[in-house]
Structures are given as C-alpha cells and as structure tokens.
Amino acid sequence: MAELSFFVGVIGNVISVLMFLSPVGTFWRIIKKKSTEEFESFPYVCTWLNSSLWTYYGVIKPGAYLVATVNSFGVVVQSFFLGVFLIYAPSAMKTKTGIMVGILDIGFLATAIVVSQLLLDGETRIGALGFVCAGLNIIMYGSPLSIMKTVIKNRSVEYMPFMLSFFFFLNGGIWTFYAFLLSDWFLAVPNGIGLGLGLAQIAIYGVYRNAKPLPLKTSIPTQQEQDSQTQPLISSSNPEP
C-alpha cells in the first residue's frame, strides 16, 4: 500500500505541475496584447494562497513531503502569473487584484502561520491547518466560475480558461485517490469536491463552446440611427405656391 500511495503521489505531483502551468497560454496572450482583457485574477490569487498553505501543511506534517514539494512549485509559478497580471491589468482590475493579494495572499497567510505557531502545537496544529487548507482548496477549485457571469452574458467562453478547469478536474481526481490510500480526509474531501467542480466547469464550457456570441454593443450610433435621431417627430409640409 505504501508503494502504491507513493506512485499515485508522484503521478499527482506531475498532474499538479501541469495544472500550475496550464494558464501559460493565457498569460502569453496577455503579454502579447499587453492587456488582461476580460480575464479574472481571482483564480490565481486563490491558487497562490492555497499552494502556500499546503506547502506549510506538508512541511509540518510528517511524511507529507510530496504535498510540500509540488505546492512550493505552485507558489513560484503563481507569483509569476500574478506579477504579469498586475503589470498589464487596467487600473481598476490592478487595484482589485492588489487588494486581494494584500488581504488574502499576505494578510491571511501570515495570520494563519503566526496563529498556528503561537497558539497550537502537534496534531492540533496539523488538524486546524488541514481544515483551513481544505476550505481554501474548495475555493480554488471553484474560482474559475468567477468568470461565469461574462460567459453567460456574452454566450462566449473566450475568457474562461478551459485548460485550468480541465487540470483542476484531473488534479482533484488523482489527489482524492491518493488521500483515500492514506486515509487523509483533509485531502480527500476538498479534492473530491474539486473533482466535481472541475467536471461542472468542463460541462459549462461544452454548453457555451459552440454558442453564437452575442454582438457587442457600441456607444457609436450607426448612420441610420443618427438620421432617425435628427428626424423631427412631427414633419411639416410647406405647400408650393
């Protein structure tokens, strides 16, 4: 059983690495266009925080080094993605992202580490941190749904990162299996929910993938609209003499 769990854990690490790297295409597009367009930063803020806390969890829990190593890689990758987002995002989105990074990725992370170190110890610390990580894992898996308002409104999946949702689905599945082998419910519950959320996102993508996008409304009226606006409501006729 130990050999099987190690083998599954290695596969899980590989899939997690691919999951962390899956938005590369999105960020290459952002760099080329020098704009984040309609993309949301929330999934990357959540993934950074989630990776950081799972790294800490893997460090303090004996035998959880596979969890620590892959999530530390995720911290590095997500740091790059957030840096790119903050460079190319418009001012409003840049402010919104900066606030989320400050509150979640810095404030919440620091608080969780300090509280767990000062007030908790041993299995109590591991258990409390496991609960927190489990909750954040669920939020991370559901974070791509933050773009769903735009998807439904425009009937377009252009700004829905499919590869991120796809690898969330794979990652949730393999880590759920790994967690069952180790009887680690802190890993099993959130990753099982993540498996379902990833499947739901793939289903939504399938529904709107071939949908006809709604035409974008512009503020510039057409010539016909301009003529209708300038035409008097009551026309007067001047009979010829």
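The backbone N, Cα and C atoms fix where each Cβ goes, and this holds for glycine too.
Keep in mind that TrEMBL annotations are predicted by a computer and have not been checked by a curator.
What TrEMBL records for 220-241 is region 'Disordered'. Marked as transmembrane segment by TrEMBL: 6-30, 42-59, 65-87, 99-120, 126-147, 159-181, 187-208.
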Tertiary contacts of the transmembrane segment (187-208), as residues 6+ beyond its ends and Cβ separation under 8 Å: 67, 133-135, 137-138, 140-142, 144-145, 148, 151-152, 155-157, 160, 162, 165-166, 168-173, 175-176, 178-180
Intrachain residues whose Cβ lies under 8 Å of the transmembrane segment (159-181), provided they are six or more past its termini: 1, 4-5, 8-9, 11-12, 15-16, 18-19, 22-23, 25-26, 37-40, 43, 140-141, 144, 147-148, 150-151, 187-188, 191-199, 201-202, 204-205, 208
Same-chain residues near the transmembrane segment (42-59), Cβ under 8 Å, at least 6 residues beyond its ends: 20, 23, 65-69, 71-72, 74-75, 78-79, 81-82, 85, 97, 100-101, 104-105, 108-109, 112-113, 126, 129-130, 132-133, 136-137, 139-140, 143-144, 146, 161, 164, 186
Closest-packing stretch to the transmembrane segment (65-87), where packing means Cβ pairs under 8 Å, from 6-30, 99-120, 126-147: 6-30
